[in-house]
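According to TrEMBL:
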DOMAIN    26-115  domain 'PPIase FKBP-type'
REGION    1-20  region 'Disordered'
REPEAT    225-258  repeat 'TPR'
Amino acid sequence: LQDLTGDGGVRKEQLRPGTGQLVPPSASVAVKYSGYLGNWSNLFCSYGHGKYPKLMKLGKDITLWGLELGLLSMARGEAARFWFSPEYAYGRRGCPPCIPPDTTVLFHIELLDFIDSEECDVFFELSDAQQDMIPLEKVLKVAATEREFGNYFFHKQNFRVAKHRYKRALSILGRSCSSKDEQSQVNTSKLPLFLNLSLTYLKLECPKRALKYGQKALEMDQGNVKALFRCGQAYLCMKEYSKSQDFLTRAQKIQPFNCDINNELKKLARYYEEYMEMQKEMCGRMFAS
């Protein structure tokens with residue numbers, strides 16, 4: 001077993017190696033773990049085994065010292081077993097009624113993912129005036145991290161939290177720029193956020209807001225295929241079929257072999273045909289009466 005602390009207090013047995021860098025101290029982690037007493041059959045706690053485990057902040061959401069030290073020794077995708085002596089677990093008193101006093105505990109841990117949020121943590125502790133003094137390079141990095149958080153929650157289908165993270169990133173980028181070059185860098189960071197928000201609002205079944213952010217993306221890049229596609233999708237959801245066709249056709253002209261665009265046009269044709277049949281039926285009933 002690997003002795004992580006030098007005193008035998010935290011020992012590790014790697015079951016599956018991970019990839020990339022180790023978890024930094026300021027990270028938020030997505031993790032599965034199970035805690036055991038005495039042997040690997042006496043389970044006393046379990047976390048993260050649902051479909052979408054939430055991100056947990058080291059030092060805030062994870063407070064067991066041994067567990068935090070163990071995570072700091074892991075890379076993304078790694079699985080390992082750990083032994084935590086009482087000094088690194090629940091101490092001399094234990095945690096009644098589950099944990100007896102002066103008990104060594106065993107943990108099986110799987111690190112699913114992590115995001116290093118150090119830059120964000122420092123930035124959001126500053127006042128508005130102090131934030132305005134931060135160099136643009138660091139501001140862009142904070143916004144990129146917030147977008148990374150948004151992407152994480154989006155892929156976990158937590159669209160409301162994803163939306164909040166994307167909007168938070170946009171608020172960071174709302175500062176005034178001192179040059180065209182700075183404005184260009186800010187716009188480059190804003191564009192994917194507009195596209196992400198447009199798609200997120202479509203997932204939340206809010207097509208008007210999806211259209212709003214799709215149009216904001218088009219203001220920056222008139223030929224952006226994703227923006228045209230999002231606007232077409234939003235208009236389709238709003239049953240504005242001619243406008244939907246306009247945007248989808250423009251997107252198709254740029255990428256004629258894009259399957260998503262072509263499938264959306266087929267859906268549009270089907271919906272429009274159903275709509276016309278319904279209108280025809282309504283007119284027939286009205287004149288018959």
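Note: Cβ is positioned from N, Cα and C throughout, glycine not excepted.
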- For the repeat 'TPR' (225-258), the distant same-chain contacts (Cβ-Cβ under 8 Å, at least six residues beyond its ends) come to 194-195, 198-199, 202, 205, 207-208, 210-211, 213-215, 217-218, 264-265, 267-268, 271-272, 275
- Note on the structure: The average per-residue pLDDT within the domain 'PPIase FKBP-type' (26-115) comes out at 92
